[in-house]
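Per TrEMBL, domain 'Aminotransferase class I/classII large' is recorded for 30-355. Per TrEMBL, N6-(pyridoxal phosphate)lysine is recorded for LYS222.
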Amino acid sequence: MRPKQRILSAPVYQPGKPIDDVKREFGLTEVIKLASNENPLGCSPKAKEAIRAQLDSLALYPDGASLQLRWDLADFLGVKPEQLIFGNGSDEIILMISRAYLEVGTNTVMATPSFSQYRSNAMVEGAELIEIPLKDGVHDLEAMAAAINDQTRVVWVCNPNNPSGTIVTAEQLSSFLKKVPQDVLVVMDEAYYEYVVDEEYPQTIPLLAQYPNLIILRTFSKIYGLASLRVGYGIASEELISQLDHVREPFNTGSLGQAAARAALQDQDFVKACCQQNREGIKQFTDRFDEWGLSYYPSQTNFILVNLNLDSDEVFGKLLQQGIIVRSGRALGFPGYQRITVGTREQNEKVLQALSNILVGAGK
Ligand SMILES: *Cc1c(COP(=O)(O)O)cnc(C)c1O
């Protein structure tokens with residue numbers, strides 16, 4: 001067979017190691033996974049009820065336009081229903097954007113290290129990558145704006161950034177947007193939006209009126225705890241959404257996902273409780289890291305990137321043997337670091353205990 005050569009140079013996504021894999025490999029019965037920024041509290045009980053109510057309709061195709069979810073979400077966000085697009089996770093919207101705007105002869109600007117999917121989708125489309133290094137773990141928006149040229153079609157801003165957990169502020173974003181030409185698409189990936197507590201974080205929906213070249217991506221996978229159901233969404237001008245609709249698969253979100261997302265949206269008390277518990281978890285980690293003299297990036301997400309100054313893959317392996325799955329910083333562009341998802345208080349304590357043993361063992 002003769003695949004298109006350029007797809008072979010696009011990396012295959014490396015997910016967090018699955019729990020069952022680790023149980024089998026190490027003969028463990030208890031394994032905690034703090035590798036994929038999943039919600040340790042699960043999802044709202046209302047979402048589970050909504051799924052049960054769907055079980056007699058599994059033979060029917062889903063509503064391809066996600067109409068009920070569309071109306072609910074438009075109402076919740078204060079936008080028009082026509083300003084929304086749904087995806088099989090926001091991952092699929094990243095794919096749709098790449099498919100619609102990138103091709104050979106164009107380029108796309110992004111930060112590095114950042115979320116891997118901007119890069120791999122751009123490579124599949126044959127667009128040139130312009131990667132601008134983070135500055136102190138934060139998007140260097142001035143350098144990103146300066147890198148835009150006539151062939152640039154899409155600029156990606158992951159805010160907060162995965163894997164560093166940092167944000168760009170409203171002020172920084174506003175001066176950046178003024179510099180971006182009107183025909184260049186700016187993608188704000190806000191997968192962790194609901195976890196952010198910093199008051200300098202930009203509220204981007206009001207910016208849509210002024211910037212028809214802006215799209216905001218959010219998801220039901222992270223704080224809403226519905227990662228397995230794959231529902232993400234984009235918010236943008238009607239014109240932009242109607243362009244993306246040309247590359248959307250007809251039934252790209254399922255009925256269970258749509259129903260669960262609607263119910264989850266109604267349970268904002270659950271979201272608030274998760275956000276609050278997450279901040280306590282972040283503090284649990286940073287208090288200990290401060291005590292140990294370790295540096296880390298200030299996180300506005302449900303994960304923390306910490307510099308252990310030890311070989312990432314070795315530490316990752318040692319944690320794995322003890323039934324703890326995190327993300328090795330090496331694979332994420334931060335050698336010496338680990339990215340740890342905030343779990344329950346008990347899970348966090350277990351990781352900290354294991355890390356403390358590893359640090360002591362290494363003479364630190
Ligand atoms: C998790 C994540 C996504 C993808 O989430 P979906 O499950 O596909 O909705 C997108 N962007 C970033 C930065 C993420 O961390």
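Backbone N, Cα and C define each Cβ position, glycine as well.
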Mapped onto three states, the DSSP assignment of the residue listed as 'N6-(pyridoxal phosphate)lysine' reads coil
Over the domain 'Aminotransferase class I/classII large' (30-355) the mean pLDDT stands at 98
